[in-house]
Every structure is written in structure tokens, then in C-alpha cells.
Amino acid sequence: MGSSSSSYAPKTIYLDVDGKVQKVVFSRHCSPCDIKELLCTSSNIPRTTAIMMVDPEGALVSMDPTMPTNSPNSLYKIVPLSTGQLGEKEDMFQNVLSQVAEQFSRAFRINELKTEVTNRLAMLEKRVELEGLKVVEIEKCKNDLKKLRDEMASRGGARVNCPCKYNFDDGKKVTPRRDVPNYPKYTLSQETVEALKKPTFDVWHWEHNEMLSCLEYMYHDLGLVKEFNMNPITLKRWLLAIQENYRNNPFHNFRHCFCVSQMMYGMINLCNLQEKLTLTDMGILMTAAVCHDLDHPGYNNTYQINARTELAVRYNDISPLENHHCAVAFQILSLPECNIFANVDTEAFKQIRQAIITLILATDMARHGEILDSFKQKVDNFDFTNEEHVTCLKMVMIKCCDISNEVRPTEVAEPWVDCLLEEYFMQSDREKSEGLPVAPFMDRDKVTKPTAQIGFIKFVLIPMFETVMKLFPQIEEIMVQPLRDSRDHYEELKQIDDAMTEKKKTESISLGGKKK
């Protein structure tokens, strides 16, 4: 090999062709391919003759572009090869090609690229294999879960039921959707988005699918989907499962669930709770509101206990309905396809579960006085860093939302009174037929709309909302004043009813006197 500088100098080669010496000068830019092309296209050499470059001793000459030039005394010869010699020289030619290939390989790092590509392909194949295994495992788990549910259902059907007068099973099971939910995605207008944040929102103008979309929006808007790392499809499945597990009662139905949840969302915004509570607290408030009356049978706790129903027996007469709502809520959440808290760590989920149970149990009106008294003791020196204070506030908030219909405009609130009375009358009629005690405020022969509402607004709603107003003064105009107006409205109706009753009584007495 020549020096590095000689590799750039012009090349001179002397060739012996049929006894004649020919001098060939190549520029520094010529490659071995140029030399080969020249030799192969020479008019003195038949095109059918294989050409090899050899030195005077007959050895094959390397086509290395850096080879030194020769002299007239040391000629390279062009040797035509016969067919018999081709086989002998084939191996030598292959060696030359191998050398050239090796040099190209070094220049372009072909081997390294090949190794890298091979490694990447191997990694991709491994990932594909692992993903395939995951899919298989998921399907296997789903099949195992289905078998387990079927087995539990068959065992449940075989057990001896308690001698209860009212059975809540009725063949009803939690039936979450396992396919990707396909309820229409409504694009909420800016007007609707703003209205959702206010207690004046009219809940009667929305179909179930629209209410589902509104609930979905609330979870996204409050940052709960991001905070709990919820899968958006799982959120949709969960909401569908929730809707399917509210019965078609006159009052305690999915629209009531939406009503309470929307009021909770409104209070969170109105009271600026994003600045005072954690996102976990808001997730607990919203989820408890959504789940608070799941699978309500339309007959209250008093009926459950007096009729000794299966629920009353199961929960030892202690808030049987509220305990049942909690059980159904977490039965739905226990299904992987509906578990919106699947990505929350175990310890955090335990705390969330306990907090949701605490709030749902707080909706039992039998505990109203106890909970409100506890809040009254804390409200004057309320501390948002005190966990006990915050828990008590959340309990009062879900109670406010649960019975907040009279906060809404009259045209929105009054139909709810009709729905509630219809459900009350269904219960009282059943209680009469079964020989059970009947509450006067549920007896269709004794109660009227004004009498049903006046006492409830004066002695339950106004005192509770006025206590909350001490902590959040901004609710007075939007929430407390409408309650006072509603109380006045029903008192006026009662006066009219009383006057009509008195008039009928007078007319009856007058007619009786004439008959005598």
C-alpha cells in the first residue's frame, strides 16, 4: 500500500497486451470499476473472453484503488482466460469481491446497522408476543369472572330466603355494559355549560342520554378524570351501569340522581370549593351524589323495618336503604369494566370508599338532627384543615343536595312534589293493605301539597341551608331566598285551601239546617 498521499496521486499502469506494452494513466478520481470497465470494453479483446489483471508472475492483482503504480519493467498483463481456466480463477475472483464488500461494509457500517435492525425487530416481536399474551390473559380473566358471577348467582338462587314480606331481588341484577358505550355524545353549548353550574338549572328538559353526557362533562370539568387517571370509556360504562340500576319510581329514579348530582356540581362552583377542598374530596362528593339512591325500591326505611323486609333483616334495621345503595354502588365498581377508581392505589381507594359510604349513609333522614347539630357546633370556627370538620361539611352538603328541589324555580320544583306524593301514596296504600302503620304525611286521605311542604321547608330545609350560609354567605340570594319564597308560596296555597274547606263546611251546615 502507498502512503495516504499517494492514494490521491494519478495512477499509471503499464499493460502487456499480446506482446505490446501500453501505458494507461488514471486520474486520482478513478475507481477499480473504471479500470475494469476500460478493460472489458477494449476493442482488442473479444467480449466473450473473461478478463483478469495479473502481474508478470501470474498472480491476481488486487483492484484496491490505493495500489502502487508499476513500471515498464514490471508489467501487468491482460490475460484472456479459457473456459477451463474460469473455474480455477472463480474462487480468486470471489475473494476480490469479498474484499471490496468488506471495505464497503466498513465505510457504511452495514454490519452495525444490520445488528441494530435485527435487535429492533427482535424487540418488536417480543412486544407483539407480550401484548398478545395480555389480550389472552384479559379474555381469560373476563371468562373467569363471568363463571364466578354465574356460580354466585346460581348459589344465591338456591339459598333459602328469609320469610320477608317484600323481596328486593325480583330477578334484578347489576347489569353493566361490557361493550364500548354508544350513547350519543352531545356537544354542550356554552349556555348549557354555564346553566349547569346554577341551582336554577331545569332538569326536566333533558333525556337520559343527555343527562349522562352532562354528568360526564362534570367529571371532566372538575378535573376528576385526570386526578383519578380514569379511562374515559370506563367512565361512560360506569355512568350507564348507574343509570340502569336506578328503578323507574315516580321520585327515586335516575332523574333524581341527576338532579342531586347537578346541585352538588352547582354548590361546588358557587361556594368555590375548588379552592378549599382537595380534588379527592370533590370526587367523593360527586360520586356519592351519583350513587346515593341506587336501586331504591320506592318504599322508605319505615316500611322496610315495619314490613321486616329482606333488606331490614340484612342490615338489622339500621338505615337499610342507604346501606343497600352503598352495596350496589361498590358492586358496580367491583366490575373491572366499570371501575373508575381502577388506577388509584389500594390505600387511597380504601379511604375513598369509606368516605363515599359515610356520605351515602348520611342521607338517612333519621339522622338529620344528629348531623345538623354536629355541623352547627363547628360552623362558627370552621377549619378547612381539620379532617373532622371537612367530613361533617361534606355530609351536610350531600344532605342539602338530596332535598334541594325547593331551591329551584317553582316551575321546576313543583313537579317534584307531585312525584314524591305519588310515591308516598303508593307506599301508604300498600301499608294499609298489609295492616302496617301509615305516616300522616303519606296518607292520600289526609295530606295536601301545601301541608306536605310547609313544615318540611320551615323546619328542615331553611334551618339547614341558613347554617350552611354562615360558612358560605354567597348562597343566600341563590339558594336560601328561594326557600323562603317557596315557604310563602305554599302558605298562601294553604290559606286558599283552608278558605275553600271552610266554605264547603259552611255550605254543608247550611244545607243540613234547611233539611231540618
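Each residue, glycine too, has its Cβ placed from N, Cα and C.
Annotated in TrEMBL:
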type: ACT_SITE; residues: His252; note: active site, proton donor
type: BINDING; residues: His252, Asn253, Phe254, Arg255, His256, Asp293, Asp402, Gln453; note: AMP binding site
type: BINDING; residues: His256, His292, Asp293, Asp402; note: Zn(2+) 1 binding site
type: BINDING; residues: Asp293; note: Zn(2+) 2 binding site
type: DOMAIN; residues: 176-497; note: domain 'PDEase'
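Where TrEMBL records a feature, it is marked here on the structure.
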residue: His252; record: active site, proton donor; Cβ neighbours (10 Å): 25
residue: Asn253; record: AMP binding site; Cβ neighbours (10 Å): 20
residue: Phe254; record: AMP binding site; Cβ neighbours (10 Å): 21
residue: Arg255; record: AMP binding site; Cβ neighbours (10 Å): 17
residue: His256; record: AMP binding site; Cβ neighbours (10 Å): 22
residue: His292; record: Zn(2+) 1 binding site; Cβ neighbours (10 Å): 27
residue: Asp293; record: AMP binding site; Cβ neighbours (10 Å): 25
residue: Asp402; record: AMP binding site; Cβ neighbours (10 Å): 22
residue: Gln453; record: AMP binding site; Cβ neighbours (10 Å): 25
What binding-site residues in the list Phe254, Arg255, Asp402 lie within 10 angstroms of His292 (Zn(2+) 1 binding site), counting C-alpha atoms?
-> Asp402
By Cα-Cα distance, the member of binding-site residues Asp293, Asp402, Gln453 nearest the residue listed as 'active site, proton donor' = Asp293
The domain 'PDEase' (176-497): mean pLDDT?
-> 95
If you measure every Cα to Cα pair among His252, Asn253, Phe254, Arg255, His256, Asp293, Asp402, Gln453, the residues listed for AMP, what is the largest value in Å?
-> 23
Note on Zn(2+) 1: the CB centroid of His256, His292, Asp293, Asp402 has further same-chain residues inside 8 Å, namely His252, Cys257, Val260, Ala289, His296, Thr363
